[in-house]
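Taking it in order: structure first as structure tokens, then the write-up.
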Amino acid sequence: MRLTQLKLAGFKSFVDPTVIPVPSQLVGVVGPNGCGKSNIIDAVRWVLGEAKASELRGESMQDVIFNGSGNRKPAARASVEMVFDNSEGRAAGQWSTYSEIAVRRVLTRDGTSSYYVNNQQVRRRDIHDIFLGTGLGARGYAIIGQGMINRLIEARPEELRVFLEEAAGVSRYKERRRETENRLSDTRENLTRVEDILRELGSQLEKLEAQAEVARQYRELQADGEKKQFALWLLKETGARDERQRKSQEMAQAQTNLEAAIANLRSGEAELESRRQAHYAAGDAVHAAQGQLYEANAQVSRLEAEIRHVVDSRNRLQARREQLQQQIAEWDAQQTHCVEQIAQAEDDLATGAARTEEARALAEEAHASLPAVEARVRDAAASRDEMRSSLARVEQNLALAAQTQRDADRQLQNLEQRRERLQQELRELHAPDPVRLEQLAGDRAAGEDQLEEAQQELAALEARVPEADAERSRAQAAAQQDAQNLARLEARLAALVKLQEDVQKQGALEPWLAKHELAGLGRLWQKLHIEPGWENALEAVLRERMAALEVRNLDWSRAFAEDAPPARLAFYQMPAAAPTPAAPQGLTPLASLLRITDPDLRTLLNDWLGNIYTAPDLGQALAARATLPAGAACVVPAGHLVDAHSVRFYAPDSEQAGLLARQQEIENLQREIKAQQLIADQARAAVARAESAWQQVSQAVAPARQRVAEITRRVHDIQLEHSRLQQQAEQSGERAARLRQDLEEISAHEEDLRATREEAEARFEALDAELAEHQSRFADAEIAGEDLAAQAEAARARLRELERAAQEAEFAERGVQSRIADLQRNRQLAADQSQRAAVELEQLQADLADLDASASQAGLQDALEVRAEREEALSRARQELDNLSALLRGADEERMQQERALEPLRARITELQLQEQAARLAEEQFTEQLNAREVDREALAQELAAMPDEWRRANWLQSEVGRISRQIDSLGSVNLAALDELNASRERKEFLDSQQQDLLTAIDTLEDAIRKIDRETRELLQATFDTVNGHFGELFPKLFGGGEAKLTMTGDEILDAGVQVMAQPPGKRNSTIHLLSGGEKALTATALVFALFKLNPAPFCLLDEVDAPLDDANTERYANLVSSMSEQTQFLFISHNKIAMQMAKQLVGVTMQEQGVSRIVAVDIDSAVQMAAEAA
């Protein structure tokens, strides 16, 4: 591939779209410092995938986008494109078929970076793959930037090895090996996970097998329990149906009796209704008489109100007449007063008009004399301003002369200080100590050894972290399992305690016990403990005595003869302690199995259980009948009793069955929970220890990493110090020459400044005298101007005083006119008010004449007579109503007696309805339960008919259901999906076994692949090392005119060893390359780069001022070598050296005529020479 064009747009200083042609094998880039030449090298690195901003001389990747200038706005994006001629098909991969390849990268302000190949968007990895093994890349040896020559020759052996690998083309092998190692690591992790899963699955299979057996037992018990439960429901459904029918018949008879009683009630209600109608008629008569009385009272009240109104109106009109007469007199007096004040105001108005005319004349005279005075003041001010301007010019010139003197003095002082600094710097300037350089080289070697040791320690710690983490996970899993076991036991205990508490709530006895204040007494079973397994036997023998209540004296129970308990209840009195009687030979008394410490209680139970013995099973109990004493019985653990003449099978027949067994299980569970809590605490402690160990290892990794980073920084700092000292030696001579030149320039500048100061001092003295004269004239003008200003101010004050007097006189005249108008309005108002009051007084006289109360007095007497007659009629009507009310109350009491007789009948019907409803609800409940389970009643009835007789007894079925329920409860928590989970786990184990074998095979295959890659890489690296070493040995003498150079390995294993450069120029026997000068290092690095090129020529090479440290002779040899190598490789170089420019076939000039914007000018050297020859 050959580079033909480089296109830039918005990249750093190349804001405008710019095309840099590369038509030949040697293209030089020239231009002044800072014009943007090195930006071309940065652009090539950037488009090849450089992701580190510092390698592009920036702080962030956004810095590559043009950031604006004085006349330009910032660019929105940066774009760089490289165009290659691929006519020979040397490109890798799918791009080998294209004759031209264009690689482009675009970065926008939002941080989006995109790569394109022939306008197809690709990944950064794809760009890397195109140039893999060619030496091209963001960090490849084909791009040599400023300072890279020194970094290359002074690189550590591990860093130099990278260039050798790139030249050998083993990058693709390393990439393949890295991918293979990643796959191998993933495969091993997968294998570890599979093995962990298999171990866990093995333990899980053992648990599932046990759980599957429990699930099988559970399903068998559940099927048997469901069958008996269905039979129980069917029997109860039939019983509830029969009960409902009986209650329905009784309810019909009670309804008939109720209807007969209701008929008698209706007859009495009819008689009551007739009497109530008569009572209503009498009440209406009373209301009518009451209404007539109300009308008479209203008429009396109306007439009395009319009389009172006439009297009140006459009094009110007489008071108003007196008030109007007084107001008329007051208004007449006010009219007289207003006429007198109007006459006085008219006299004042005439006097005020004369004073106003006089004040106006004086103000006009003062106003006419004021302009002349103000004109003299303005003339004096203008003269004074002219003098002030002249004075200011003189002062400005004087200040300028003084400033010139001060500036000259300050510059002379600064030059003196600068001379002292430069002389001090010249005295202190010295070259670095060579011993220090040797010491730094030794320190670097020691630091590298420490770094290797720290890296090994870090690797060991990082390997321990997964082990500690796995141990922590195992401890956490164990602790979680123990916690689950503890939770299971606690849940079982809580359920049993709740059940025990529910049973202890006494049921039907609870109200009776509370009524007799016996609810707080403890039950006997709470004090009993027996050997495990014999709980049912003890309950079968004691029966209701299990829940007996202790009393001090049994005679106290006589009080319950009239109010007996609603359910079975026993009381006991504690006897005195007595010795335990001896048992017959070969028989074990049931009382001997009790674990009781109270001797009185043991005496009581010995009495109750005195003739009860034990046998392990029913067969042995039957066999022991012959040995039983008279009246004795033998009991088995299930509770069945055998005596000499009978066998009694035991079944729980109350809700309190199993109390003793549950109590003992509760106590056992409490002990198990305490033990399990200790186990759980130990497991949590183990988790804490594992967590602590993991944290210690994890925390130790960070300091180890920090130590590795610290040693790496220290070695890097030593390298930087070494490079700095070498550069300081080269720069010290140049700096001394510049200092001497600066001192000479300072002396010449001091002479010029002294002459300038003397000239400014003479001018200052002349201007000082002129300033004194101007200041004297200006002071006189100031005094004269102040006198004129005082005269003008006095005239203006006199004018203002006269104008104010004229204005006040005018205001007084207007005030008198306003007062006259107000008095005239008040006089007219008084006249109007007096006239209105006279009219109103005349109307009042007429109203008083019209008022007369004699007619109302006569009507009032007639109304009082009518009211007396109507009061008597109302009294007669009320007496009739009271008689009828007494009859109505008698009839109503009789009706109420009949209604009360209905209440017992209705209560009976309600009771029967509730009983019928209860039976119906019970029937519906059992029917719903049977329907919900989709039970076939006919088939179940037929099946029950074929069963033994006990299947048709509800008590037996109830006990069987309870027994099966207890057996199911004894199984504990049941995993019903255990069978399915067991089958799924077995299938999963078979799959994981197969997967484990596949992973083992894959690991062997990947390890073989890594060994093969290592073998091929080792062979290729060795061949490359030998070839590059030979080329290096050939090119070094060409560049130096003699001497020798070679490459050496730092270790025996070529896959891990670094590469060191050994170079000795002609006539030198230096032991290390760091003792060479800067120019010698540059030539050595150039020889090494070109040796790499001869092995694996890159498509093109970029050189950025590589010849800067070379003298003319070395530059010429460097140029000859580049020219000879350009036959194989295309060179694009940046240089300020004329000798290097001469070898270029084309020159690309970079300019910056517009500040901050780079532009190019391309020149073909051969064409230029031909044009010059033709012009000559």
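Including glycine, each Cβ sits where the backbone N, Cα and C put it.
These come from Swiss-Prot:
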BINDING   P32, N33, G34, C35, G36, K37, S38, N39  ATP binding site
COILED    169-506  coiled coil
COILED    653-947  coiled coil
COILED    987-1024  coiled coil
DOMAIN    521-623  domain 'SMC hinge'
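Location within the structure of each feature annotated in Swiss-Prot.
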{"residue": "P32", "record": "ATP binding site", "Cβ within 10 Å": "11"}
{"residue": "N33", "record": "ATP binding site", "Cβ within 10 Å": "7"}
{"residue": "G34", "record": "ATP binding site", "Cβ within 10 Å": "10"}
{"residue": "C35", "record": "ATP binding site", "Cβ within 10 Å": "20"}
{"residue": "G36", "record": "ATP binding site", "Cβ within 10 Å": "24"}
{"residue": "K37", "record": "ATP binding site", "Cβ within 10 Å": "24"}
{"residue": "S38", "record": "ATP binding site", "Cβ within 10 Å": "19"}
{"residue": "N39", "record": "ATP binding site", "Cβ within 10 Å": "20"}
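Proximity of distant same-chain residues to the coiled coil (987-1024), defined by a Cβ-Cβ separation under 8 Å and at least 6 residues beyond the stretch ends, is recorded for 164-165, 167-170, 173-174, 176-177, 180-181, 183-184, 187-188, 190-191, 194-195, 197-198, 201-202, 205, 1054-1055, 1095. Other residues of the same chain near the ATP site, with their Cβ within 8 Å of the Cβ centroid of P32, N33, G34, C35, G36, K37, S38, N39, are S13, G31, V1150, M1152, S1158. The secondary structure of K37 (ATP binding site), as reduced to three states from DSSP, is coil rather than helix or strand.
Averaged across the coiled coil (169-506), pLDDT in this predicted model comes to 76.
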